[in-house]
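A quick write-up on the structure given underneath.
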Amino acid sequence: MDHHVGSSHVHADGERRAKEEDVVVVLAVDAEAAEADVHPGDDDGGVNYMARAQWLRAAVLGANDGLVSVASLMIGVSAVNDAGKTMLVSGLAGLVAGACSMAIGEFVSVYAQYDIEVAQIKRDGAKGKKESLASPTLAALASALAFAVGALLPLLAGGFVRPYGARVGAVCAATTVGLAGFGAAGGYLGGASMLRSGSRVLLGGWVAMAVTYGVLWLFAKVSHIHVSSLR
C-alpha cells in the first residue's frame with residue numbers, strides 16, 4: 001500500500017510539473033508574439049515604421065512647407081498685383097528665405113537634441129554610441145532641400161506664364177497635385193491611410209492659400225494699395 005501510494009504521489013507530481021512546463025512554454029510564446037507586435041519588422045524582415053518617423057517627418061514637412069508657403073505667397077501677391085514678374089520674384093524670395101529658415105531651425109533643433117544625448121551618454125558612461133546620433137548639418141541640409149523641392153513646384157508651374165488667369169490656375173493646379181502627392185507619400189511611407197493623409201494635407205494647403213489671398217485682397221481694398229509692377 002505504501003509503495004502504491006508513493007508511486008501515485010510521484011505520478012501526480014510528474015503530471016503537475018509537466019503542466020507547469022506547458023504553461024511556461026505557452027507564456028513564453030505569448031511574450032514573443034507580443035514583442036513582435038510591439039516591434040514589427042525587427043526579426044521577420046518587415047518594415048519598422050517607428051524608425052522612419054524622424055526623417056519622414058522632416059522630409060514631408062519640409063516639402064509641404066515649401067509648397068504651401070511659396071504657393072500662398074504667389075497667390076497672395078496676385079491679389080494686389082497681377083504682373084507675372086512680381087509673382088515670380090515673390091516666389092523666388094520665398095523659396096530662398098524659407099529654405100534658409102528651415103535649415104537654421106532644423107540645425108538648432110537637432111543640435112540641441114544632440115547636446116542632450118551626448119551629455120546623457122557621458123553620464124551613463126556608455127561608449128561607441130555617438131555614431132548613431134543625428135547629424136545637425138545633414139538634418140539642416142535635408143530640411144532645406146526638401147523645402148526647395150516643394151517650393152519649386154508652384155514657382156516653375158506659374159512663374160513664367162504670362163496670362164494672369166492661366167498663371168494663377170497653374171499655381172493652384174500644381175499645388176493641388178503636389179499637396180495630394182506629398183500627403184499620400186507620407187501616408188504610404190508611414191504605414192497610414194494614403195487617402196486620409198493626402199486629403200488632410202490638401203485641405204490644409206487650400207485653406208492657407210485662400211486665407212493669404214483673402215487677407216491681402218482685403219488689405220488692398222481697405223488701404224487702396226496697388227503694388228507697382230516690376231519693369
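Yeah, the Cβs are placed from backbone N, Cα and C, and that goes for glycine too.
Where the annotation comes from TrEMBL, it is an automatic prediction and has not been curated.
Feature list (source: TrEMBL):
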- 58-80: transmembrane segment (TRANSMEM)
- 92-112: transmembrane segment (TRANSMEM)
- 133-156: transmembrane segment (TRANSMEM)
- 168-189: transmembrane segment (TRANSMEM)
- 201-220: transmembrane segment (TRANSMEM)
Most Cβ pairs under 8 Å to the transmembrane segment (133-156), of 58-80, 92-112, 168-189, 201-220, goes to 58-80
Exercise. Given the cut-off of 8 Å on Cβ pairs that are 6 or more apart in sequence, determine whether the transmembrane segment (92-112) and the transmembrane segment (201-220) share at least 3 such pairs.
Key: no
